[in-house]
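Beneath this line is the structure, given in structure tokens, with notes to follow.
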Amino acid sequence: MKLHEYQAKQVFADAGVPTPDSQLASDVDGVVTAAEEIGYPVAVKAQVQVGGRGKAGGIKLVEDDDEAREAAESILGMDLKGYHVDRVLVEEAVDFTDELYVGITMDRGEGKPVAMVSTKGGVNIEEVAEEDPDAIAREHIDPAFGMHPYQARKAVYDAGVDQSVARDVSSVLTTLYQLWDDKDGADAEINPLMVTSDDEVIAADAVMNIDEDALFRQPELAEMEEEAAGGDELEQKADEYGFDYVRLEGNTGIIGNGAGLVMTTLDLVDYYGGEPANFLDVGGGAKADRIANALDMVFSDDNVESVVFNIFGGITRGDEVAKGINEALEQFDEIPKPVVVRLAGTNWEEGMEILNEDLVTVEQTLEDAVQRAVEYAEEVSE
Ligand code: GDP
Ligand code: MN
């Protein structure tokens with residue numbers, strides 16, 4: 001579960017991490033009022049859960065009411081990497097000299113959390129990790145003992161953070177680990193942690209992802225999740241239909257029955273050079289109406305250019321699925337996006353016969369089905 005930036009900042013600020021003064025706004029007048037209260041210059045920042053908002057036009061620095069209005073008009077309602085922006089954070093702009101990165105995540109290879117610090121903040125840290133891995137200092141933490149103060153200092157020193165702010169950065173890192181631990185974090189990250197000309201540090205961005213399975217013991221965060229999910233219509237729809245659904249950023253829609261099967265399909269889409277648009281598990285025993293709901297979900301995603309169905313019949317019977325697909329598609333005068341189907345398992349042959357090949361492309365193997373769907377998606381994107 002991902003918190004929005006404004007929520008993560010609240011959590012960080014409550015724990016004592018310095019954050020800029022800010023207010024949430026959902027309309028143009030609200031942005032201008034907030035900006036006046038905070039005092040120019042301010043940053044207007046789209047609240048959607050994707051990285052790289054700056055580059056995508058979702059963050060604007062403004063100096064006066066006119067600019068604030070203009071920024072609000074362009075950002076509110078925009079489509080940012082497939083997400084509709086309905087709220088912005090209006091935030092005191094930081095006059096910075098340096099941008100650092102600090103983060104805590106789980107290192108699955110080591111089976112331990114790892115604290116990371118870098119002086120190459122403000123850019124995508126995955127890119128830094130790839131191009132210049134030495135630019136990130138890492139310190140593994142024994143969860144039984146927590147992060148020792150010397151470990152925080154060592155990570156900060158190893159990263160080459162300037163002496164003048166080393167203490168403050170260590171303290172932010174220690175707090176970040178505490179939060180990660182107390183709140184069942186999956187990742188906690190500040191990028192950038194800005195350094196100002198008077199040697200202060202301030203969290204200009206905030207990421208906090210929570211382990212979903214621990215939400216039952218984090219009622220405050222669970223409440224934030226509800227608030228956050230309110231922003232995404234597709235996630236809401238998935239809740240209504242009772243699907244396990246995760247929206248991703250690609251253009252190949254994926255539907256399957258069973259989490260493992262869906263994950264495999266995702267991997268194959270990636271393997272064949274495509275980009276998955278979602279994870280959607282219709283579950284076991286899926287009947288025709290459930291299949292139709294699943295199709296409605298992926299068709300409602302503007303990013304989707306093609307759809308691949310991967311069904312392995314067990315309790316879910318191939319002929320039921322086929323009927324569901326036909327029924328769902330017969331409602332359209334024109335099929336919104338090409339659909340490729342692969343059926344296996346119980347009653348797959350009956351299913352194949354039932355499928356209306358005027359409406360869908362049928363493939364015998366999963367590999368062929370995925371490749372076909374990826375091709376369809378590419379054709380549209382060209
Ligand atoms: P992200 O692109 O979605 O990760 O959003 P960030 O909040 O990290 O902002 C992207 C970049 O905007 C930062 O790394 C800065 O380089 C730049 N920026 C410039 N001035 C400001 C400012 O006053 N506040 C913030 N938050 N970002 C600023
Ligand atoms: Mn950032």
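Quick reminder: no glycine exception, Cβ is built from N, Cα and C everywhere.
Note that the structure is a prediction, hence the values are computed from the model and not measured.
For reference, TrEMBL has these:
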type	residues	note
DOMAIN	9-242	domain 'ATP-grasp'
BINDING	Lys45, Gly52, Arg53, Gly54, Glu91, Val94, Glu99	ATP binding site
BINDING	Asn191, Asp205	Mg(2+) binding site
BINDING	Asn257, Gly314, Ile315, Thr316	substrate binding site
COILED	352-379	coiled coil
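Structural mapping of features recorded in TrEMBL.
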{"residue": "Lys45", "record": "ATP binding site", "DSSP class": "strand"}
{"residue": "Gly52", "record": "ATP binding site", "DSSP class": "coil"}
{"residue": "Val94", "record": "ATP binding site", "DSSP class": "coil"}
{"residue": "Asn191", "record": "Mg(2+) binding site", "DSSP class": "strand"}
{"residue": "Asp205", "record": "Mg(2+) binding site", "DSSP class": "coil"}
{"residue": "Asn257", "record": "substrate binding site", "DSSP class": "coil"}
{"residue": "Gly314", "record": "substrate binding site", "DSSP class": "coil"}
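Averaged across the coiled coil (352-379), pLDDT in this predicted model comes to 94. Packing around Arg53 (ATP binding site) is summarised by its Cβ count: 21 other Cβ atoms lie within 10 angstroms of its Cβ, all protein chains included. Away from its own ends, the coiled coil (352-379) comes close to residues 251-252, 264-265, 268-269, 271-275, 305-310, 318-319, 322-323, 325-326, 329-330, 335, 337-344 of its chain (Cβ-Cβ under 8 Å, at least six residues beyond either end). For the substrate site, whose annotated binding residues are Asn257, Gly314, Ile315, Thr316, the maximal Cα to Cα separation is 10 Å. Listed binding-site residues: Lys45, Gly54, Val94, Asn191, Asp205, Gly314. Those with a CB atom under 6 Å from ligand 2: Asn191, Asp205.
Cα separation, Gly52 (ATP binding site) to Asp205 (Mg(2+) binding site), rounded: 11 Å.
Using Cα positions, the member of the binding-site residues Asn191, Asp205, Thr316 nearest to Lys45 (ATP binding site) is identified as Asp205.
Sequence-distant neighbours of Glu99 (ATP binding site) (same chain, six or more apart, CB under 8 Å from its CB) are Gly121, Gly122, Asn191, Pro192, Leu193, Met194, Val195, Ala204, listed in sequence order. Of all residue pairs in Lys45, Gly52, Arg53, Gly54, Glu91, Val94, Glu99, the annotated binders of ATP, the farthest apart have Cα atoms separated by 18 Å.
Between the CA atoms of Val94 (ATP binding site) and Asp205 (Mg(2+) binding site) there is a gap of 11 Å. Straight-line distance linking the Cα atoms of Ile315 (substrate binding site) and Arg53 (ATP binding site), rounded to a whole number, equals 43 Å.
Excluding Asn257, Gly314, Ile315, Thr316, which define the substrate site, the same chain contributes Gly258, Gly284, Gly285, Ala286, Ile311, Phe312, Gly313, Arg317, Gly345, Thr346 within 8 Å (Cβ to the Cβ centroid), listed in sequence order. The shortest Cα-Cα distance between Gly314 (substrate binding site) and any of the binding-site residues Arg53, Gly54, Asp205 is the one to Arg53. In terms of C-alpha distance, the listed binding-site residues Asp205, Asn257, Thr316 place Asp205 closest to Gly54 (ATP binding site).
Within the set of binding-site residues Gly52, Arg53, Gly54, Val94, Asp205, Thr316, Gly52, Arg53, Gly54, Val94, Asp205 have a CB atom less than 6 Å from some atom of ligand 1.
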